[in-house]
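*Asks:* Input: one structure, supplied below.
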Amino acid sequence: MTPYLAPIGLLVISNIFMTFAWYGHLGDVSRPMWLAILIAWGIAFFEYCLAVPANRIGHSVYSTAELKTMQEVITLLVFAGFAVFWLGEKLTVNHLVGFLLIAGGAFFIFKGPIAA
């Protein structure tokens, strides 16, 4: 896989782990907090095992700002799917507008310098 695509794939998988680590326990709040924390740490380990290589590989072709922007966009997409399918929440027009504004910001990060 190319250094352009590998970070995207790794960050998608990493974000799935991250989202479950941070928010998965909300699907069953009957577990003790200490257990939720231990499980989250265990899941987060695998997130880091994917995120660190994603950023190392990606930094050869993307700037740090581009990598961070990519990470945030992927995080929002994964989280939106998680909120709907795992937690049963609904996305609203407000969410869509917010995501579109973030996508606009991402466009300008990847576009490069604006000539003044």
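Quick reminder: no glycine exception, Cβ is built from N, Cα and C everywhere.
What you are looking at is a predicted structure, and each value in this text was computed from that prediction instead of being measured.
TrEMBL lists these features:
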TRANSMEM  7-26  transmembrane segment
TRANSMEM  32-50  transmembrane segment
TRANSMEM  70-87  transmembrane segment
TRANSMEM  93-110  transmembrane segment
*Asks:* Is the transmembrane segment (70-87) packed against any residues at least 6 beyond its ends, judged by a Cβ distance under 8 Å, and which are they?
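*Replies:* Residues packing against the transmembrane segment (70-87) from afar: 7-8, 11-12, 15-16, 18-20, 23-24, 26-27, 51, 58, 62, 95, 99, 102-103, 106.
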*Asks:* Take the transmembrane segment (7-26) and find every residue of the same chain, 6 or more past its ends, with a Cβ under 8 Å from one of its Cβ atoms.
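*Replies:* Residues packing against the transmembrane segment (7-26) from afar: 1, 36, 39-41, 43-44, 46-48, 50-51, 53-55, 57-58, 62, 67, 70-71, 74-75, 78-79, 82-83, 86-87.
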